[in-house]
Amino acid sequence: MGSVVKIQPSRVKQALLVLATPHREAQAKAYIESHGGQLIGIKGDAELDLSLLDAEKHQALIFADDVSLQAVGKKAPGPVVVSFEGNTMVHRLKHGGGKGEQVAKAVGLSKVAADRVISVIDATAGLGRDSLILAALGCHVEMFERNPVVRELLLDGLDRASMSVEVMAIAGRMQLHTEDFISGSGAYEDNSVDVVYLDPMFPDRNKSALVKKEMRVFKQLIGGDEDADQLFDPAFRIAKHRVVVKRPKAAPFLAGKTPSVQIKGKSGRFDIYTKKAF
Ligand SMILES: C[S@@+](CC[C@H](N)C(=O)[O-])C[C@H]1O[C@@H](n2cnc3c(N)ncnc32)[C@H](O)[C@@H]1O
């Protein structure tokens, strides 16, 4: 690679620019072969100044020591990276706290014996934060993520976690399916997973709801998950005990279905659809 090629003007909004350090060049090329994007050079190359690019038109996927999604432009915030190690929440969860976490309550962990392993499908894994909490609390979590950039971030996070003494056991309970849950759910029998967890991006999730500036680039990438209502039926079919849907405070019910129970928090809520008590 070496030299920096001129960035082609693109008619696609938010065209993805891919950068790689030499040791990750092959991985970056494999990504582009499967999913598209434009390889523009080696990270750190003096000719390449991401602050000069138009934030409305581009985002950068960077393959370096870690894999990150980076907004471009003058006041771009820091990169979005999936890092399971060094996470203070994980430390707390590993050392006894945690069943009081709202997501843990919503999944029903307080209702099951401490030695019982719950199977959870996180059908909309995103950056894996909810999956991480559930896995740290002992659940076996199968994650689905359909966006190829997000998948790349997640796979990198899981890869690094699998080499970290601190979190390798937790990462061992997290498995990523690199496909859309709506089609992937076809492989599961009815009532075969204890809990299915859904957290699709809500179209109106506004900037203030995305607390960290870094997360705006994630929202730009994903958009609104406009087909989110279609998640409900397959989730309900394969769940044995319950489906849990994370929603922003004022959002309507997913697929217009009224939940059995709700847990309300400051900015969001969990809608719980019970099938069978634990
Ligand atoms: C709001 S984010 C989830 C955040 C996640 N709960 C976390 O803790 O990081 C929603 C994610 O679901 C993914 N998604 C939406 N619909 C999906 C589907 N049908 N199958 C797989 N992934 C989906 C989107 O690509 C996006 O990354």
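The backbone N, Cα and C atoms fix where each Cβ goes, and this holds for glycine too.
Remember, predicted model here, so these are calculated numbers, not experimental data.
Pulled from TrEMBL:
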- Arg129, Asp130, Glu145, Arg146, Asp199: S-adenosyl-L-methionine binding site (BINDING)
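Here the features listed in TrEMBL are painted onto the structure.
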residue: Arg129; record: S-adenosyl-L-methionine binding site; DSSP (3 states): helix
residue: Glu145; record: S-adenosyl-L-methionine binding site; DSSP (3 states): coil
residue: Asp199; record: S-adenosyl-L-methionine binding site; DSSP (3 states): coil
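Long-range neighbours of Glu145 (S-adenosyl-L-methionine binding site) (same chain, six or more residues apart, CB within less than 8 Å of its CB): Thr124, Ala125, Gly126, Arg151, Leu154, Leu176, His177, Thr178.
Looking only at the binding-site residues Arg129, Arg146, the densest Cβ neighbourhood within 10 Å occurs at Arg146. The C-beta environment of Asp199 (S-adenosyl-L-methionine binding site), restricted to residues of the same chain at least 6 apart in sequence and closer than 8 Å, consists of Asp122, Thr124, Gly126, Asp130, Val245, Lys246. The maximal spread of the S-adenosyl-L-methionine binding site, taken as the longest Cα to Cα distance among Arg129, Asp130, Glu145, Arg146, Asp199, is 16 Å.
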